[in-house]
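Record features, source TrEMBL:
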type	residues	note
TRANSMEM	12-39	transmembrane segment
TRANSMEM	51-69	transmembrane segment
TRANSMEM	75-94	transmembrane segment
TRANSMEM	101-118	transmembrane segment
TRANSMEM	138-166	transmembrane segment
TRANSMEM	173-193	transmembrane segment
TRANSMEM	205-222	transmembrane segment
TRANSMEM	234-250	transmembrane segment
Amino acid sequence: MEFLGISMGDWLFAALGAAMIGLAKGGLPGAGNVSIWIFAEVFGAKESVGYLLPVLLCGDTVAIIIYRRNADWGHVWRLFPPMAVGVLLGWQLFHIIPANEFRIVMGFLLLLMTGLHFGRKWMMRNHEGEDSVPHTKWFIWTTGVGGGLATMLANAAGPVAAFYLMAVRLPKFAFIGTSAWLFFLINFFKIPLQAQLGNVNVTSIRVSLLLGAVAAVACLIAPRIVKYIPQRQFEWLVWAVIVFAGIRLIF
């Protein structure tokens, strides 16, 4: 049985990926990266980037409503220009990378994001009261351009932004609110570029909006269920799945 040309099994798998996006936007970091692999398995590597983008925007929209008063706009505008440059570079690379090699690129980016996540934790283990990275233009631009490339090629910039926002010691809700607004603006900026590439189209949007509703609901309930989930164990499980997904995409 199919709906919009997609089997029920694939719909359920994609809905799980959409729910993970909502949980990530609602306060369970890392969960959204699992959806990159799920969507690549269901829709194909290159095409999945376009299917996933409107779903992310649905989650972003709910997140900015929930955390609308918590954004630190100074950090949003520091990161947005270099991320936009990275997005434009990624847009050009999309034309160059062959479709049959795109799974490898996505897998590599997932493993890179995992390494960055745990590298950040290791660097900051003894820096509870101080910044562990310099607040210089080169750091902001390196982080931003790298994040822009990752988000354009695989929607995988979360750990890059987290590396910067955690380093500048934003409080918890300011961190979530700033991330929500930053990614809402960046993902909105990506829409016409992905449309030009053919990854966002009428067919993909019909599917994405249905899955976006799942992400929105998951984002709304995430703050209510997060207190019942052992965060440390959940994060380890999520990152283990991401490592598995990265290896599977490469091989």
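The first residue you see is number 1, and the count goes up from there.
The backbone N, Cα and C atoms fix where each Cβ goes, and this holds for glycine too.
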Checklist entry - Apart from its near flanks, which chain residues at least 6 from the ends of the transmembrane segment (138-166) lie with a Cβ under 8 angstroms of it? => result 24, 29-30, 32-33, 36, 49, 52-53, 56, 75, 78-91, 93-94, 97, 105-106, 109-110, 112-114, 116-117, 120, 124, 175, 178-179, 182-183, 186-187, 190, 193
Checklist outcome for this item: Given 101-118, 173-193, 205-222, the one sharing the most C-beta pairs under 8 Å with the transmembrane segment (51-69) is 205-222
